[in-house]
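Student: Please find one structure pasted underneath; my questions will follow.
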Amino acid sequence: MLSPLRVAVTGAAGQIGYALLFRIASGQMFGPDQPVILHLIEVPVDKAMHALEGVVMELEDCAFPLLAGTVCTSDATEGFKEVNWACLVGSKPRGPGMERADLLKDNGKIFVGQGRAIDEHAAADCRVAVVGNPANTNAMIGAAQGERIPAERWTAMVRLDQNRAVGQLAKRAGVSVADVTDTYIFGNHSPTMFPAFGLAKIGNRPATEVLDGSYLQGEFLETVGKRGAAIIAARGASSAASAANALVDHVRGLVTPGKVQSVAVKSDGHYGFDPAVWAGLPVRTTETGYEVVEGLTLDAFAKEKIAATNAELVSERETVADLLP
Ligand code: NAI
């Protein structure tokens, strides 16, 4: 029997948390032989902590053989103590009339505190996956707070955008999602992100040969870019099950050597991104970590889109400059 992994989830009583925890505890994130201890972290507000108690009751009622324990807390030191993975889902939603700059700064402060706590208390091998928006910039802020956990271990989630892009290409082409490959998201998890359809393949043929260019440059980009808003309009709440599913894919992919998927990581200048921003890139998992897949050919249209999403990431970094050491 493997010893349990400690997995922290912030925002554990939120809607993504509710769709996520049961999948982690059932073994879908770390595999069918890997026990887990869930560290469930919420804000120190009675309503949230009570809701969390209810979630823990339901976890108990599932009698998951792989769930070796739960820790419920609003204290970051206790919450991140010795964790091997930190899934940072909790963040402050954008309120009515709130400027994006205020959202960036308010959430940035959360990630300053959590970044420090992770650096001080997490296990030496800790890896971090940021979901809470603005995810890329939050990951950059969190990674900047410490020295013990290398910045490369901080990732942000763009896998939902990848899955959305794959779903749309498969639907349009009338094929199974399994026939759609090489679909990667470049840039920010925001409407500026670029699903690089020029690299995608459908049934081993370039997507650009299977589907017409006006669809790919128009309706496809618009549908994927505005999918989050469309779900809010239809459901009256933001995407939760698909976001949780994407996080399961993101982490599972990062613990599966050879897997290639879109992950927002410190760019180091790849594909023209500013070296200090966290950008969605094609990433291959290795035995010891991951590497950015280099050498993919991008056309002028893709380069222009990447420049635009890079400009947004750089401007987000400038907005939160006072939160960076
Ligand atoms: P939610 O509002 O249902 O839940 C968020 C939870 O986080 C709440 O229970 C809240 O109390 C908690 N929270 C807030 N600040 C916290 C802190 N400092 N520490 C611990 N917990 C904290 O929101 P939902 O739907 O679960 O979404 C969570 C985040 O994920 C949002 O920022 C959302 O924009 C983002 N998101 C990101 C996606 C991506 O692809 N990267 C996709 C979908 C959502």
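Keep in mind that glycine also has a Cβ here, set from the backbone N, Cα and C atoms.
Straight from TrEMBL, here's the annotation block:
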type: DOMAIN; residues: 6-146; note: domain 'Lactate/malate dehydrogenase N-terminal'
type: BINDING; residues: Arg94, Arg100, Asn133, Arg164; note: substrate binding site
type: DOMAIN; residues: 159-321; note: domain 'Lactate/malate dehydrogenase C-terminal'
type: ACT_SITE; residues: His189; note: active site, proton acceptor
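Show me how these features fit into the shown structure, please.
Tutor: Taking Cβ-Cβ distances under 8 Å and a sequence separation of 6 or more, the neighbours of Arg94 (substrate binding site) in its chain are Arg100, Leu103.
The DSSP secondary structure for His189 (active site, proton acceptor) is coil.
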Student: Have a look around His189 (active site, proton acceptor) and count the other CB atoms within 10 A of its CB, chains all included.
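Tutor: Other Cβ atoms within 10 Å of His189 (active site, proton acceptor): 28.
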Student: Quick one: pull the CA-CA distance for His189 (active site, proton acceptor) versus Asn133 (substrate binding site), whole Å only.
Tutor: 8
Student: What does DSSP call Arg100 (substrate binding site) in the simple three-state scheme?
Tutor: helix
Student: Checking proximity to ligand 1 here: which recorded positions out of Asn133, Arg164, His189 have their Cβ closer than 6 Å to it?
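Tutor: List returned for ligand 1: Asn133, His189.
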Student: Given that the record lists Arg94, Arg100, Asn133, Arg164 as binding substrate, what is the largest C-alpha to C-alpha distance among them, in Å?
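Tutor: Value for the max Cα separation, rounded to a whole number: 24 Å.
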Student: Fewest other Cβ atoms within 10 Å: which of the binding-site residues Arg100, Arg164 wins that one? Let me know.
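Tutor: Each of the binding-site residues Arg100, Arg164 was scored; lowest Cβ tally within 10 Å is Arg100.
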Student: Same chain only, sequence gap of 6 or more: which residues have a CB within under 8 Å of the CB of Asn133 (substrate binding site)?
Tutor: Ser91, Leu103, Asn107, His189
